[in-house]
């Protein structure tokens, strides 16, 4: 899970700041830095540029610019028509820009013979809104005959949008006129770039502050993880509006303090759509998906219409809970709403179906979507990779590139995962190098984790260690976890001890590290080593996460733990398992006793293996689901070797498709085989 801060700077009235939290993204949209270019409601706020600025456009003799960019004229009919044409052109340019059609706006701008400062500001706004157009915007700004404060603020925003901090600071210091929007743009820009020290310095130096100033600072502190500073400033704010309160709710949720977030939410006299979405996504991100779903229902009962952010958060909750039926209900709601063609919602649906084990529905949605961005392609590529459809994932990647969609770092995580799940070592190395050399994507921790797992599981442990040593940044926990998993497969105790030592030095209470090391000792029948690991866990007060599986039957989620003693149908489940065990052994199944970490007799090991959580879930599914309906099971740990072998046999003798999602991927069992090809 990670958060990103997006500042969407819109050229419109500086009235409010919206704070949006959706999926794993925190989005802050400062929609109020500037007036609309054709807004002249407050002429005195728009002083002209100093007289030293030479005009490059001389208007007709009967037209004179005023300080706010408007003009006076002789009221002859022909001149009135000319002025009406200018106003109409300005509105058309603004309309094109709002629709994202900069090319049409530029063509119209170039065809306009008489341009007011509003005309120039409108087209400058278009370049400012598009990342990567900072040089074009700067050249255009230099040509404005008499720029006003809106012109300067628009150019300032362009520098921040393109993350050019130094250029923004220099430009701000040289601005001949500044209004409150200018200062707020700087404060928000510093906040966006994590420079809260400079933002704070500017905040206290600011001659006049308004509510947006306080909102920007509170939100900036929250984004920087400085919740206490945000709270201190919030307490001193003269006005505590919905935006600042929503920012604090976000801060509480991000710090895991759900109760305080709930208290703040309940006490808010006014709630915006963003506030509701912040709570919903906060619940989801804190593992309280059910509470998030309840809040969505309460929201709808209150007459508040859900938007794309609400639905995306809700679909993420469905994915986390593997609540396929609820996800389908959300899909039905989307079909009946104007959000049906929304790209964000469509992408969330693709992700939901993929994570709930219904890849065919995810693909159908993907093919039907009229517009796709890189996030949509990433969702489908990752879906294919997670389901072991590596060839399809890589073919889709090639198709994506052929359509001119530039892959980002997340794309390559999906691509490398596809290579990893299929054991395509050389191809994975090729993509890893291509990512850097051809696309300029710097490797992130996720890429290295994929590569270490790819090399390690293929038995290339020396190469995996060499890659770790060549990394430009300090190795992280997931990296050593992947290396440990590879050591379990190849029973390499020396590398396992090295990986475990490094992992536990980073996180001494990481239960997975101890368990993985114990797995390697057990695989080599070194029970003394297993005993030492368990003793170390006890000394460090490490609690092992118990293995459990869950499945949805009739809108009810049933959970099963290894050696379960609580499920109401436990007796009949065990009877079903006993019956299955007899059939499985007749079909050639032999229990994989190496999958048991307990130093007990073979008969007792077989019994413990038979009661693993996924086997209990499979037996329950066979009892409760009608013939022909796939059994979908979700597990919090990686599937063990014995359960994998047993599920293959059960799929054949029961003529049933069984889909199991563990922590790394999906396994589709059918007719005695698994989609992973026994490579996991």
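Each residue, glycine too, has its Cβ placed from N, Cα and C.
The annotation region 'Disordered' is assigned in TrEMBL to 39-59.
Mean model confidence for the repeat 'PPR' (116-151) is a pLDDT of 88. What TrEMBL lists as repeat 'PPR' is 116-151 (among others).
Feature annotation from TrEMBL assigns repeat 'PPR' to 179-209 (among others).
Broken down by DSSP into helix, strand and coil, the repeat 'PPR' (210-244) contains 26 helix, 0 strand, 9 coil. TrEMBL lists 210-244 (among others) with the feature repeat 'PPR'.
Annotated repeat 'PPR' per TrEMBL: 272-306 (among others), in sequence order.
Residues or ranges marked as repeat 'PPR' in TrEMBL: 342-372 (among others). Taken residue by residue, the repeat 'PPR' (342-372) breaks down under DSSP into 23 helix, 0 strand, 8 coil.
Annotation comment: TrEMBL describes 373-407 (among others) as repeat 'PPR'. Secondary structure of the repeat 'PPR' (373-407) per DSSP, as helix, strand and coil residue counts: 26 helix, 0 strand, 9 coil.
Sequence annotations record features per position, and here TrEMBL assigns domain 'DYW' to 588-680.
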What does the DSSP secondary structure composition of the repeat 'PPR' (116-151) look like, as residue counts for helix, strand and coil?
26 helix, 0 strand, 10 coil
